[in-house]
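Undergrad: According to TrEMBL:
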DOMAIN    23-520  domain 'K+ potassium transporter integral membrane'
TRANSMEM  60-81  transmembrane segment
TRANSMEM  153-175  transmembrane segment
TRANSMEM  195-214  transmembrane segment
TRANSMEM  221-243  transmembrane segment
TRANSMEM  268-288  transmembrane segment
TRANSMEM  300-320  transmembrane segment
TRANSMEM  346-371  transmembrane segment
TRANSMEM  392-416  transmembrane segment
TRANSMEM  428-447  transmembrane segment
TRANSMEM  454-476  transmembrane segment
TRANSMEM  482-502  transmembrane segment
DOMAIN    534-778  domain 'K+ potassium transporter C-terminal'
Amino acid sequence: MDLESGVNQNRVKKESWRTILTLAYQSLGVVYGDLSTSPLYVYKSTFAEDITHSESNEEIYGVLSFVFWTLTLVPLLKYVFIVLKADDNGEGGTFALYSLLCRHAKVNSLPSCQLADEELSSYKKDIIISPAPTTFGATLKSTLERYRVLQRFLLVLALIGACMVIGDGILTPALSVFSAVSGIELAMGKEHHKYVEVPLTCVILIALFALQHYGTHRVGFLFAPVVVTWLMCISAIGVYNIVQWDRHVYRALSPYYMYKFLKKTQTGGWMSLGGILLCITGSEAMFADLGHFSQLSIQIAFTFMVYPSLILAYMGQAAYLSQHHVIENESYRIGFYVSVPEKLRLPILVIAILAAVVGSQAIITGTFSIIKQCSSLGCFPRVKIVNTSSKIHGQIYIPEINWTLMLLCLAVTIGFRDTKRMGNASGLAVITVMLVTTCLMSLVIVLCWRKSVLLALCFVIFFGTIEALYFSASLIKFLEGAWVPIALAFTFMIIMCIWHYGSLKKYEFDVQNKVSVEWLLGLGPSLGIVRVRGIGLIHTELVSGIPAIFSHFVTNLPAFHQVLVFLCVKSVPVPHVKHEERFLVGHIGPREYRIYRCIVRYGYRDAHKDDSEFENDLVCSIAEFIRTGRTGLSVNGEDLRKDFEDLTVVGTPSTHISGVQLCEDEDVSTELVGTSERREILSPRVTKPKKRVRFVIPESPKIDRGAQEELRELMEAREAGIAYILGHSYVRAKQGSSLFKKIVINFGYDFLRRNSRPPTYTLSVPHASTLEVGMVYNV
């Protein structure tokens, strides 16, 4: 028995390691496509204008030393061994850090937050423990919670990082593909290659964006082999160049050569750091794509495959250039392809283009993800989000953003037409995201990890100084291309801030004008109006109270459905909400009113279901609440007012298999079918062939007659159909508002609202079942 147990344990251990290594292999194609293609343009961008390659080789050795230590300190030390540990329940990225801080210090920007959200299992994390009252962390926490301006600054900081990621999604495909295609320069005449590079790059980019709607999972199996082949090729070429041209190039890895480089080149060397910075483009993807893989798999892939391959590639280029001070094609200057043996240039060119496409694909997908997160947190206009894979979360496609990115990417390619200005633009976007990560990470160290403030200061000073040096070198190139990411980030930032401000003011208006419960109770059990068959879903952003659109609806149309559900679809600052915690259901008023509140909670990375599946989940969850939840409220006024907002966590039908299940068929028989363990409640009103709705409920425990009648009425209403009652809002700044507020609300927010998806687009509401109630919001 012991032997058998040991064998089983070994088998489990082998399977776990097999899984980790498989994930590490897959991560090469998703995470490292951008980072692995950086040798295509680093040396060429660095030696563009600011410094020259002299006979002493001090410049090339200095650049190699900078590249080596930058790759070692930022991607390897900072991201692989420190930042990857700051995951948000397995998810990474700028918003993961912001989400951690929001939950810990209660600086959440979402207005509809509830105490019930803090009971979510993913809301808590092992590292989130309240610091001792006497520590600096406790003081910092209370300060953040006390001052609204600090909370807004934290949100703006996270949004700056998000905007720069979007800018990187525009610049990286242009830079990577153009650098790969530029290899044809060595095979064509001096004047002819210019007429081929830009058109060919544009064709590849158009094809890349046009194929986005198919999803990466359809061609994803090609990604890892392409990147692996590319890494093996550049490392093999690097070893060849080291052995062939300069076997002592390893001496340049000494930090002393950085000092010699800066001493000789001075201002020109400092300005050239913007090109050296490009060696770490794509490093942020290791953290941003953490949710698709595991921490250990990403660490293994980078440490044992990507990092050594890149170091060998850069050393090989430096070894070749140290013995070749005069390049035959002067227009090409210093680049990647000159160090490739002539017989291998054509196949390497093909592999480089494929690797550049893979790297571009990764950053485009990352841009889709960051926009979805911004939209979930109420900081970006609603857009159409298509889940391209039913098995892999996070693989999404956003048509509006895809075509916008394509047009901007083509504009950058055609406008710049050289890697120098593209590199200046991309470098500033990359280093800004890294600076934001460093700042947020220092707060996580103090507030979430409960480490000393000295450790956080050491982290932010050490890495912040390195990144600030590169940031300054990139910013000085403002007129030479660096203005592009700033302009893009500023544009997206304005959009995000206007949308967030307008949404916040609209929600505050809803809260201030919601109808009191006493008004509802004063209508009496019949509510004083006609109840028609069916279920009415009133969509609202309120998590408590009755929205003003309900009273407006009743005033203009004194009839609504026999079952009324106030539906709130909200996002919470966690990556994923478990299915068993998805729905919060409760009664509004006594049971005989047949009015319910249902709050559907999604994380910022969760995928929303389509209309039919969502409707069935909603109805079945209400039925399960009726069976197991509160059976009603006391008629006593005080008890009723006190308890009417009590909600019960129900989850989705997949989480209560032994509970109520909903079935639909076209059988018109009304015969009751029962077994010793389960029985069905059937609708008696079946007169013509159509889909019949029936609830299958467990035999035990018994439910009372009132719950049975409530279930029967819910079933009849579902069979009659569901109507969506939406509020069509006209948001206007109220009289007396400042000119700035009038411009932001009346023009900016109104324009974004009219050109974005409606509030219930995430529910895929059918137009035939929609009824809009217009209201004017004077905010």
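Any Cβ shown, glycine's included, is placed from N, Cα and C.
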Undergrad: For the transmembrane segment (392-416), which recorded stretch in the set 153-175, 195-214, 221-243, 454-476, 482-502 gives the largest number of Cβ pairs separated by under 8 Å?
TA: 195-214
Undergrad: In this predicted model, what is the average pLDDT of the domain 'K+ potassium transporter C-terminal' (534-778)?
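TA: Computed over the domain 'K+ potassium transporter C-terminal' (534-778), the mean pLDDT is 73 on the 0 to 100 scale.
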Undergrad: Most CB pairs under 8 Å with the transmembrane segment (268-288): which of 195-214, 428-447, 454-476?
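TA: Going through each listed stretch, the top one turns out to be 454-476.
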Undergrad: With an 8 Å cut-off on Cβ pairs and a sequence gap of 6 or more, do the transmembrane segment (454-476) and the transmembrane segment (60-81) reach 3 or more such pairs?
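TA: Output yes: the transmembrane segment (454-476) sits against the transmembrane segment (60-81).
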Undergrad: When you check the transmembrane segment (60-81) against the transmembrane segment (221-243), do you get at least 3 Cβ pairs under 8 Å, counting only pairs 6 or more apart in sequence?
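TA: With fewer than 3 qualifying Cβ pairs, these stretches do not touch.
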Undergrad: Below 8 angstroms Cβ to Cβ, which residues of this chain, lying six or more residues outside the transmembrane segment (195-214), approach it?
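TA: Here the qualifying positions are 173-174, 177-178, 181-182, 184-185, 188, 353, 357, 360-361, 364, 386, 388, 397, 399, 402-403, 405-406, 409-410, 413-414, 417.
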